[in-house]
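These features come from Swiss-Prot:
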- 29-51: transmembrane segment (TRANSMEM)
- 80-102: transmembrane segment (TRANSMEM)
- 132-154: transmembrane segment (TRANSMEM)
- 167-189: transmembrane segment (TRANSMEM)
- 209-231: transmembrane segment (TRANSMEM)
- 244-266: transmembrane segment (TRANSMEM)
- 300-322: transmembrane segment (TRANSMEM)
- 375-397: transmembrane segment (TRANSMEM)
- 597-614: transmembrane segment (TRANSMEM)
- 629-651: transmembrane segment (TRANSMEM)
- 679-701: transmembrane segment (TRANSMEM)
- 714-736: transmembrane segment (TRANSMEM)
Amino acid sequence: MTVLHWATISPFLLAILIPFLYKYARRIHTGWFVLVLPLVLFIYFIQYLSITSTGGVVEHTIPWVPSLGINFTVFVDGLSLLFALLITGIGTLVILYSIFYLSKKTESLNNFYVYLLMFMGAMLGVVLSDNLIVLYVFWELTSLASSLLISYWFHREKSTYGAQKSMLITVFGGFAMLGGFSLLYVMTGTFSIRGIIENVDLVTSSELFLPAMILVLLGAFTKSAQFPFHIWLPDAMEAPTPVSAYLHSATMVKAGIYLVARLTPVFAGSAEWFWLLTGFGVVTLLWGSTSAVRQKDLKGILAFSTVSQLGLIMTLLGLGSAAIYFGESVDPAFYSFAIMAAIFHLINHATFKGSLFMTAGIIDHETGTRDIRKLGGLMAIMPVTFTVSLIGLASMAGLPPFNGFLSKEMFFTALLRATEMNAFNMETFGIIIVVLAWIASVFTFLYCLIMFFKTFTGKFKPENYDVKVHEAPIGMLISPVILGSLVIVFGFFPNILAYTIIEPAMQAVLPTVLADGELFHVNIYMWHGFNAELFMTMGVVAAGIILFLMMKNWAKAAFYMKERDPLNWFYDSSLSGVITGSQFVTRIQMTGLLRDYFAYMIVFMILLLGYTMFRYDAFAIDTTNVTEIAPYIWVITIVFIVATLSIPFINKRITAVVVVGVIGFLLALLFVVFRAPDLALTQLLIETVTVLLLMLAFYHLPELRKEEFKPRFNVLNLIISIGVGFFITAIALSSLALGNEAGIEPISQFFIENSKELAGGYNMVNVILVDFRGLDTMLEVLVLGIAALGVIALIKLRMTGREDV
């Protein structure tokens, strides 16, 4: 394995050690041990900047299941490096923050950091994997780890509810995405992302193109909380704040963004890709921003703001995909500008949203509440928290001189350029997208005002809090201060990211737009003069202030709408319906009778086999090679059939047991006739022991005054029995007939020819069981051994007098 492979899986390796560190080093906060890893990984990945900034790619492969085209291939290009740096960099700050946020005395830190490391490793696997199946495995691990982190405080009902919702929605999307990956393999013959991009013509010309696209986007939309799948994200805020700052602002919710960006070279250029991304992105942007203003909880506001910002990035990726559609017919920088804005805002969002989640956690930690109706006047009490929050909110609102202003202006520029597009009906619908995005920006500015004024201004009321409010300790402030500082640095000096981060990432998203050696020439600057984008920003500020001042007039109606979210109602109703339906089916099926369970399995087998044989016209009988049946075999068979048919009509249990034993002995006799003495001996032993055990069981049963009972005739059982006999016979005869027709020798011929040669045995039955099916037999013996151990344990427990056994 290469160093890059070890770096990818290193969080999983450290997670194995965490329980031991937690147990034997209780005096040291477990987070200090964990902190070292993401910091080292961040420094390790920084060294790749010199490679990716010149267009280089690093790739290493370890075969996993090469026969199926599945290999553990890790590769670093501009896009994967951007996400790797976000995962490890933000991860370092989040773990540092968690050390002071979570008490080592009261919290189960071993669980928390195991889950967090598992999530970090899964995210690294997602962004560094070249193989789609490996990516899918890590993708589902992110869902699992996220669910565990959300339900970290599992004693809270809302935590488990949020974890379940997150798991169900994202795993549903993951399964759909796996279907899309499978279709891509069918079209191209490879699971390699780079291989698929190289064979993109095979994808675009296939009739499976659209189904694959929709399935892949289902995975991306559910993971990145796009409308209408966004409903899991607000409920995920029940997780500890370090989890919210990490998973739901900088990493997990960006996994869908990564997938869309990574597969843009495959699907971009089609109207369906353009409109699915742009349409769902704009709706998500608008829905998230309007929902945020209706929240009363700080983390609730930030959750919906995250939904909104993810919609913004998705919209930009959709608009930027036009660069591949137009190719060299227009200036590459014209539409690729949207991709540049998406990447830049991806970074900006991680900085300002991460800092805001942390300050929200600080406020909750130090005041005991996140309810904006109780908060107020914290500006003087918590000056550092106030300063960091002000920077983050100003950036999120799109105010200069912060980085959020730059990416918001770039967003407006991309929207206006899209209206000039003479494709995808943008000449008709382009202005609608601009208007919806502008309205969403107004509400974005509005919820930033609400957070700021409701939390930090006004009169401080100590009676609203159960604790004495004070500023957070310095250790808890370090991480949000660093992120807040980056907001300012990237605002004043955005081009420090231009050729090291943004340019290489753009080349990975749009590899076919430029000729070899050409660059996108990323250049971001603050002042563009008095243009349409600036006037749009001024309009956003003015409209946002007016709505804030008129808040008393519309707030009551907005909060009323919040309590009646149709999407959450639909989810809850659907889940309740599934549970009710499952309980109904369970009551019908789980009768506690073994014969019913056998009937279910047998009926399913009959239906499946019957459909298959009728569907493919597989019924055939060939009597040319049928061996003549000897008279004594006829006698044995007739007695066998008569004994079997008599069982339902016997009204004494002991007699029925004896007849069943007779059937077993007749079967053993047939084995002797067909020269299988070992099978005959085994059958004789089994039947003898079974009959004796049943007789012994009758001895220990309670005494019954009347042993005889009246047998009941069941038509359904008769139909099932006839169906099984018919189809098993039909399969046997059809297999022989079709095999003879196709010139295929029966499989028994192989064992006849190779039993002595390959296994050194003359008894084919023994050779099959011990050699050709040796592994199967070994596992059967293992199962029997486990069952025997279980019986011994039960007997010993019973002998000790345990009444609960």
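Cβ coordinates come from backbone N, Cα and C, glycine included.
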Residues of the parent chain within Cβ reach of the transmembrane segment (714-736), under 8 Å, 6 or more residues beyond its termini: 599, 602-603, 605-606, 609-610, 613, 618-622, 625, 746
Would the transmembrane segment (80-102) count as touching the transmembrane segment (375-397), if touching means at least three Cβ pairs under 8 Å and pairs must be 6 or more apart in sequence? no
Sort out the residues at least 6 away from either end of the transmembrane segment (597-614), same chain, that have Cβ-Cβ distances under 8 Å to it, and list them. 589, 716-717, 720, 723-724, 727, 730-731, 734
Chain residues outside the transmembrane segment (375-397) and at least six past its termini with a C-beta under 8 angstroms from it: 298, 305, 309, 348, 351-353, 355-356, 358-359, 362-363, 366-367, 369, 403-405, 444-445, 448-449, 451-452, 454-461, 464, 469-472, 477, 480-481, 483-484, 487-488, 491, 544
